[in-house]
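Features of the protein shown, as given by TrEMBL:
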BINDING   N6, E376  Mg(2+) binding site
BINDING   K13, H201, L202, G203, N204, G205, D276, C277, R278, G324, I325, G326, E327, N328  ATP binding site
BINDING   R84  substrate binding site
ACT_SITE  D141  active site, proton donor/acceptor
SITE      H173  site 'Transition state stabilizer'
SITE      R234  site 'Transition state stabilizer'
Amino acid sequence: MILVINCGSSSVKFAVIAHETGEQHLTGLAEKLGSADALITFKSATGKSSLPLVPNNHESAINAVITELKVANLFDHITAVGHRVVHGGAFFHESSLITADVLDKIRACETLAPLHNPANVLGITVSQQHLPQLKHVAVFDTAFHHDMPEHAHLYALPRALSREHQVRRYGFHGTSHRFVAAKAAELISKPQSELNLISAHLGNGASVTAIKGGISVDTSMGFTPLEGLIMGTRSGDVDAGLLPYLGQVLNLDNTGVTDLLNKKSGLLGISDLSNDCRELEQAAADGHVGAKLALEMFCYRLAKYIASYLVPLGHLDALIFTGGIGENSSFIRAQVLKQLSFLSFTLNESANQSCVRGQAGNISTGTAAWVINTDEEWLIAQDTAQLTS
Ligand code: AMP
């Protein structure tokens, strides 16, 4: 069994997965780390339980996971540990066995992902202390996009500067895009090498990727996960010239402007109501003007990105919807396909309505549009098993 650990800036998610079957024996989530109401929840076939976390930090969350593994008699069955790492920088184009050198390189990427990589490093070092006899593997969010061609991954900045300061479009959500692309190939019964796909991972964070023959050739997130689509609280693309202007008129420093674009914009900022798509759909149906506009802008930006990816792909075999919104919102999917009818999408209304809460399916009678549930933990477990067996 593989222990999968995913340390976020204020959360720790984990799963114990039998990699041969994909069965999850125990899962859990520690949330609100750093706050007084930090809490860890465990879920297994026998039920759900929660504990307050004291102290309220990542280390105590991992300690609680290890204790629970022992209580559930799973600890001795763990054969390897897989860690989600957000940023692999220019170093990693695939998952890697964690050695001292690999850990140093993950640390070297901390300046590129200051909120995430330090938490990832902590997750690795604390679990290595508990399980020193096991091999640990890092699975990177950026790795899938590492080999995007230069014309897609570079910004139009002086090239020497890009080289010297590691400035490029890294892309994120790579594990999810890779998982759903492989799943789509299975569902279409064609090898990935023969498929041109566009995958739209639409959750609180959102990105879209053009995948040609199993390789990411362009993606909407860039140097940071702020670029691209409109997200829950992130603006996505804005004119770079807007940043100094906002700083000046709002009297904000760089951190203030970055915070505004990352935490107060997107669906939340436009609607002035919520970052939650479900809540916005309800409010829009009740006539809330901001909610309606937020959803309209979300779909328009997404449709534009999808259409633009016909440039690197030439033709499209299938579009994939995934993530909380992609897997559940028949409304968003319908709006997007309607705007892309020139690409021969024809909405199958009943399939669209039934693809919710884990039900996968093709919702278009023209060009295929698959709803596929992402499973990053499963893929992390697979990579970990492969690199450690
Ligand atoms: P994630 O970050 O992948 O967990 O996705 C979170 C997003 O999925 C939130 O905006 C939720 O409102 C959205 N979501 C989940 N279920 C639904 C649903 N049934 N309809 C619309 N949006 C949903």
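Glycine is treated like the rest: Cβ placed from N, Cα and C.
Location within the structure of each feature annotated in TrEMBL.
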| residue | record | Cβ neighbours (10 Å) |
| --- | --- | --- |
| K13 | ATP binding site | 19 |
| R84 | substrate binding site | 22 |
| D141 | active site, proton donor/acceptor | 25 |
| H173 | site 'Transition state stabilizer' | 29 |
| L202 | ATP binding site | 26 |
| R234 | site 'Transition state stabilizer' | 26 |
| D276 | ATP binding site | 17 |
| I325 | ATP binding site | 26 |
| E327 | ATP binding site | 22 |
| E376 | Mg(2+) binding site | 22 |
**Complete:** Distance filter, Cβ under 6 Å of ligand 1; input recorded positions L202, R234, R278, I325; output R278, I325
**Message:** List every residue in the same chain as N6 (Mg(2+) binding site), at least 6 positions away in sequence, whose Cβ is under 8 Å from its Cβ.
**Reply:** V12, K13, F14, H83, R84, G123, E376, E377, I380
**Message:** Please report the Cα separation of N204 (ATP binding site) and R234 (site 'Transition state stabilizer') in Å, rounded to an integer.
**Reply:** 9
**Item:** Distance in Å spanning the most remote Cα pair of K13, H201, L202, G203, N204, G205, D276, C277, R278, G324, I325, G326, E327, N328, given for ATP
**Value:** 23
**Complete:** Filtered by Cβ under 8 Å and at least 6 apart in sequence, the residues in the chain of R278 (ATP binding site) near it are N328, S329
**Item:** Alpha-carbon spacing, L202 (ATP binding site) to H173 (site 'Transition state stabilizer'), which is rounded to whole Å
**Value:** 10
**Prompt:** Listing them in sequence order, which of the recorded positions D141, R234, D276, E327 have their Cα within 10 Å of that of H173 (site 'Transition state stabilizer')?
**Reply:** D141
